[in-house]
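A short write-up of the structure that comes next.
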Amino acid sequence: MDRILTKEEKQALISLLDLEPQYWGDYGRMQKCYKKKCLQLHPDKGGNEELMQQLNTLWTKLKDGLYRVRLLLGPSQVRRLGKDQWNLSLQQTFSGTYFRRLCRLPITCLRNKGISTCNCILCLLRKQHFLLKKSWRVPCLVLGECYCIDCFALWFGLPVTNMLVPLYAQFLAPIPVDWLDLNVHEVYNPASGP
């Protein structure tokens, strides 16, 4: 995420969003701030047209950049849709079963890093991390290259424990499902049993 915008653009976007700097990278929180600021700055609502244009430009550059980061990582697990055609978030995709699909067995899923046969979202994103890193042979330095729980913990400086899973769930929920490059039909379904 830090490579998408220049330092000045990042600071300008943080300022325009009225976002605390420590929340940079929390896409869901940033998206809420963006929507709120759009309502405040919209020229039809008496807002500042110049600031609105700057906000839209920076926000679009960030979203397009995050989308491109994922596209450049290599072969896709699923057919990609255009960024304007797929706006469903991960939580919208799985609606009522999102939290159960995210992590099937927290203790087991957190412990079994690269060898898990589980198909919950947490384990699938971890497997994806290992496949990408094996082929690219570089660490994840930018949030958005990888959305696994380990990179999330590293990015925000948190230990990988059971207590992290709810924060991770909240972080992943608003992210467009297409950015995660998951085959949604392979994700664990609690309704169908083990």
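Heads up, the Cβ atoms here are built off N, Cα and C, so glycines get one too.
Remember, predicted model here, so these are calculated numbers, not experimental data.
According to Swiss-Prot, the features are:
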type	residues	note
MOD_RES	Met1	N-acetylmethionine
DOMAIN	12-75	domain 'J'
ZN_FING	109-123	zinc finger
ZN_FING	129-151	zinc finger
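Panel annotation: around the zinc finger (109-123), residues 90, 101-103, 130, 148-150, 160-162, 165, 168, 172, 180, 182, 186-188 of the same chain, lying at least six beyond its termini, place a Cβ under 8 Å from a Cβ of the stretch. Across the zinc finger (109-123), the DSSP tally of helix, strand and coil residues reads 6 helix, 0 strand, 9 coil.
Per-residue pLDDT, averaged across the domain 'J' (12-75), gives 84.
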